[in-house]
Each structure stands twice: as structure tokens, then as C-alpha cells.
Amino acid sequence: MKMKNTLRTVCTVRTVAALTALVLAAPAFADEDAELVINGEIEIVTKTTAPAHLEGHLDEILSGWRFRSDETQAMEMDDFDNPGMLGAEAGFEQFETVMGSEGKSCMDCHDGVESLANVRPTYPKWNDDKEAVYTIQMQINDCLTERMGAEKQKYDSKTMLNFEAALASVSRGMPVNVAIDGPAQSTWEQGKEMYYTRFGQLDLSCANCHEQNYGNMIRADHLSQGQINGFPTYRLKNAQLNGAHGRFKGCIRDTRGETFSPGSPEFVALELYVASRGNGLSVEGPSVRN
Amino acid sequence: MKRIAISLAALTLGAVAAPLGALAEIAPGDVQFDDYGAVETSLTGSSGNADEGRKIMTEKSLGNCVSCHAAEAYADVPFHGEVGPWLDGAGSRWTEAELRGLVINPKKTFEGTVMPAFYKVDGFNRPGDAYTGKAAPADLPPILSAEQVEDVVAYLMTLKDE
């Protein structure tokens with residue numbers, strides 16, 4: 001009897017809460033129906049039908065851009081207002097800079113960053129030679145060390161995020177399309193399992209916040225779907241580019257959990273899975289978030 | 001029910017309102033739930049302080065219940081979450097024992113709920129040392145001390161329907 005009563009109360013209470021909380025919790029609300037066009041020309045899909053593998057979980061996928069305030073949204077609509085583009089510019093320069101003992105720059109093997117426009121939409125991706133799922137940063141490190149005789153760069157370091165920002169910037173508007181079958185499948189499954197695993201003393205999974213509660217406020221934060229189509233993201237909070245693994249680390253820490261490190265096999269698998277949840281959204285990085 | 005002396009952890013966490021009379025309390029592992037998840041006996045053997053309870057619920061460094069729950073009763077506190085239900089009237093909808101059970105471990109009342117357990121020290125996947133991202137110490141303290149749980153329960157009991 002207790003349980004039945006309870007459940008009924010909770011349902012009514014929830015509806016009231018949803019309505020009234022709008023009044024109480026009042027950080028700047030985003031216009032969730034706004035559309036993103038960058039520089040007046042690059043059309044970005046920030047809302048679309050969920051990929052088939054999300055059946056039963058989500059019908060629609062939404063970029064984190066939709067959940068941000070009008071001001072933050074606006075910063076991403078023009079490259080002059082987007083501080084993340086400074087990182088992308090630095091990335092373009094790095095691309096042309098000779099590094100390492102072989103006297104080569106990336107330009108010696110690639111015809112400019114633009115020639116790699118299919119990279120951001122399809123990574124993480126299976127690497128046949130290495131027989132492992134590779135993130136962009138892992139691939140860049142292979143180029144640096146194996147082809148250029150240069151130093152390995154630290155995961156999510158400024159140099160790496162600048163490279164990532166440059167690569168993302170030339171793919172903006174292209175749909176995220178990571179492969180989840182074939183040899184990548186077992187890594188994808190591992191990432192999926194992580195996504196639904198509760199971590200930490202707060203006992204929360206990614207799905208608890210980003211699947212069950214997106215659109216809801218958690219204190220002053222407007223919960224998004226935790227998509228990574230916008231990475232790297234320039235966050236107003238720390239005024240720099242942030243990588244997806246850094247974000248995962250922060251979210252697990254916030255469950256009062258012991259996190260994993262950027263670049264760890266766990267986060268590589270999680271990145272593949274989370275990226276696949278955004279298959280169909282446009283690449284949007286470097287994006288602006290709070 | 002086994003009673004133990006106040007643990008070091010509880011002393012540190014309980015710094016908000018130093019216990020005077022509470023000399024024995026029920027440890028997280030010794031809490032007895034009924035079939036519906038309610039906990040009949042006060043964890044400290046006495047009743048809590050509602051004013052402290054309000055503070056614990058609304059301060060980020062303490063219970064931070066406000067991150068998920070809104071209420072008219074603490075409308076002065078900014079930024080109420082929407083993950084959990086509105087808490088006004090909770091003291092009318094639930095008995096004291098039910099509220100105690102909900103704060104100690106709500107999974108005993110609502111299976112699979114996203115609400116965390118506030119008086120539980122084991123059974124976690126990769127527990128951390130508070131919000132440091134580092135591994136938890138072997139003697140992981142509960143998020144709230146026994147006394148703080150009772151304070152929160154006392155405050156929830158004041159949230160009556162008009």
C-alpha cells in the first residue's frame with residue numbers, strides 16, 4: 001500500500017516540479033529550437049533522428065549547443081566570436097611546422113588540413129596495422145613519432161587539442177559517422193557497457209544524467225545529452241579548449257568516483273561509443289560551451 | 001541492533017553540529033530496513049535539528065539535495081534542480097521512518113533510482129575520495145554522518161502540506 005501511494009504521489013509531484021522549477025531555477029535558458037549556422041554559411045545539424053542502435057533509448061539526438069544560453073550559442077555562430085578558433089588557427093600553423101628529426105611537417109605527407117576533412121567525422125576508428133581502435137590523438141602521435149621522428153605529445157595537451165580543433169574545423173557541417181561494426185565492435189560494446197555503468201559514491205551512470213535527465217536542470221547546469229560532436233570545446237569556465245576525455249574524466253569525478261585517465265583504453269572505448277550516439281549530428285568543433 | 005561508538009569519519013563530517021548527547025550510533029552496515037525501505041530507529045538515538053537539516057540539504061558541500069530537488073520551502077536558495085520531485089509536502093506524504101530510509105539509501109524504496117544513498121560506504125563501482133577523482137580511502141565515510149541524516153529527516157518532516 002505504501003509503495004502504490006508513493007508512486008502516484010511522485011508522478012503528480014514530478015509534473016508540478018517540472019513546471020515550477022522553471023521559475024525557480026533561472027540561469028539563462030537556451031532557445032532549444034534555435035538553428036545553428038556558422039559564419040552565415042555552414043549549416044549545422046544540431047537535432048536529428050537517433051541512429052538505429054539507440055532504439056529504445058533515444059528517439060532524437062541533440063547537440064549540446066541546443067542546451068546553452070543565447071549568448072553562448074551566439075559565440076559559436078561566427079568564427080571571430082569563437083575563441084576556440086584561435087586554437088584551430090594554432091593547429092593549422094602546427095600542421096605546417098617542421099617537427100622532429102626527419103625534418104618533416106604534416107604537409108610533407110598531407111595536402112593541407114582540408115584534405116583530412118573525413119577524419120573528424122569518422123574517428124575513433126579501427127586501425128588495421130595497430131589492430132586497435134584509434135582516436136585522432138593516437139593517430140597524430142603515430143605520425144609524430146613514426147614518420148617525423150618527433151616527440152610524442154601528451155593526451156589532451158594544448159598541442160593535441162589545437163590539432164584536433166583544426167581537423168574539426170574543416171569538417172564542420174559533415175555528419176558524424178563512426179563505424180560500430182566489424183573489428184571495432186567489441187571496443188564499441190565495451191564503451192556501451194561503461195556508459196550504462198554507475199560509478200562512484202553517487203552511483204550515477206552517464207545515462208542517468210545524459211539519457212534519462214537531459215533537458216533537466218541539475219543545480220545550475222542544464223543537462224544536455226553529453227554528445228561529443230562539438231569537441232574539442234572551448235569552455236568559458238576554464239577559457240581553453242577541452243578534449244572529450246577531459247570531459248569524461250570530470251563527469252566521473254563528479255559522481256564521487258575514481259576516474260580514468262585521458263588516453264586510457266577505457267576512455268578510447270567510451271569515446272567511440274559516445275561518438276556513435278551522435279551519428280547524424282554535424283561535426284561542430286571547436287564549439288563553445290560554458 | 002548493534003551500536004558502535006562514533007567513528008572518526010562521523011566526527012569529521014558531523015562538524016556542522018557537534019553532538020552533545022549522542023554517544024552511540026548505528027553504523028552504515030548495521031542499518032535495518034523494512035520491506036518498503038523504511039528505517040524505524042534513529043541513527044543517533046535522538047531526533048535531529050531541522051535548521052541544520054535545511055542547511056545540509058541546500059549546501060553544495062554537504063547534502064546538496066537542492067541540485068536535484070526544488071521546494072518552495074527553500075526558495076531563497078538559488079538554482080533548484082529538476083532531476084527529482086518537488087519536496088514540499090514530503091513530510092505529509094511520508095512517515096519519519098520512510099524519510100529516514102530514503103535519505104540513507106533510496107534504492108530500497110525506489111529500485112534503480114538515480115538518487116544517491118547518503119549513508120552507505122560500500123558496494124560502489126570505483127568509489128572516489130569525495131570529488132578529487134582519486135580512489136576512495138579504505139575507510140570511505142558515508143556522504144552524510146548519522147547525525148546529519150537525522151537533521152535532514154527532521155527538516156523533511158517540517159515540509160507539510162498546507
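Cβ from N, Cα, C; glycine included.
These come from TrEMBL:
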SIGNAL    A:1-30  signal peptide
DOMAIN    A:91-176  domain 'Cytochrome c'
BINDING   A:C106, A:C109, A:H110, A:C143  heme c 1 binding site
BINDING   A:C206, A:C209, A:H210, A:C251  heme c 2 binding site
BINDING   A:R247  substrate binding site
ACT_SITE  A:C251  active site, cysteine persulfide intermediate
Binding-site residues, contacting chain B; criterion Cβ under 8 Å; candidates A:C109, A:R247, A:C251: none
Secondary structure content, the domain 'Cytochrome c' (A:91-176) (per DSSP, counts of residues): 41 helix, 9 strand, 36 coil
Between A:C251 (heme c 2 binding site) and A:H110 (heme c 1 binding site): CA-CA distance (Å): 36
Local confidence of the domain 'Cytochrome c' (A:91-176) - pLDDT mean: 97
Among the heme c 1-binding set A:C106, A:C109, A:H110, A:C143, as the record gives it, the longest Cα-Cα distance in Å: 11
For A:C206 (heme c 2 binding site), nearby residues of its own chain (Cβ under 8 Å, 6 or more apart in sequence): A:M194, A:Y195, A:Y196, A:G226, A:C251, A:V274
C-alpha spacing of A:C106 (heme c 1 binding site) relative to A:H210 (heme c 2 binding site), in angstrom: 37
Which listed residue (A:H110, A:R247) has most other Cβ within 10 Å, given these are binding-site residues: A:R247
Helix, strand or coil at A:C206 (heme c 2 binding site) [DSSP, three-state]: helix
Shell of the heme c 2 site beyond A:C206, A:C209, A:H210, A:C251, same chain only (C-beta within 8 angstroms of their C-beta centre): A:L204, A:S205, A:A207, A:N208, A:E211, A:L223, A:G226
